[in-house]
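Visitor: Dropping the structure in here first, questions after.
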């Protein structure tokens, strides 16, 4: 199994500290309450990469079709963490997380199971997550459908803190090909699944302001999740209807260049915390509450 030096992550903004206490009280009588844990551990190597400051632009990817398909190239290995401000302006975040003892089935199950109750969502990031209901919840729970049929074309309505900013987002999960990933390359890369999406601000769901790519793949000792986030304006986002309005909408909501760079940093920290925390308990949670059909 991959050897990693994990370290406690201990700084959370005051609003997040207060949210933790509310979440702790809400989950107390749930059968899965023991998985609500205050300690969050992250790879020290990922922390150190983020501490180096914004990445050089030549080391980043844009949301263009050409660049996102680089994630599928046989010799491509993602960096563990990092963030930058791209021209546009656009916030950029990259990461690669290891889930020891986890399978693709466990990870898929999590995306079916957690939206049913807000308290389940809080297990994922107790200091940051509020709720994440699914628009088409009956389809999400329909065991006669495949995972892809249940998730793609479905929308999660996430409320969560990113840093000290409470964000209300619509996450519209899409087929990989709909986002620009090449079907042949995807198959050749032997990706076990994708939970990739377009994101919008909840009060403007018709304007995608973000492309989020999450690709997961099993390895002998667990699973790797490779992720990219792009938030903001970029010419290549024009392939998504409504994205041409993203720049003005974000500016109206207080996201200038400085704010987007801060958001990139905070998203990098958020991603590092939530997915490494999920990795710490998902196999045990699945063994207790998961079913093969889900």
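Cβ atoms here come from the backbone N, Cα and C positions, even for glycine.
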Visitor: Among 79, 80, 160, 218, which residue shares the Zn(2+) site with 129, 270, 274 according to Swiss-Prot?
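Guide: My reading of Swiss-Prot gives 160 as the candidate in that site.
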Visitor: If you count Cβ atoms within 10 Å of each one, which of the binding-site residues 160, 274 comes out on top?
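Guide: Top count of Cβ atoms within 10 Å goes to 160.
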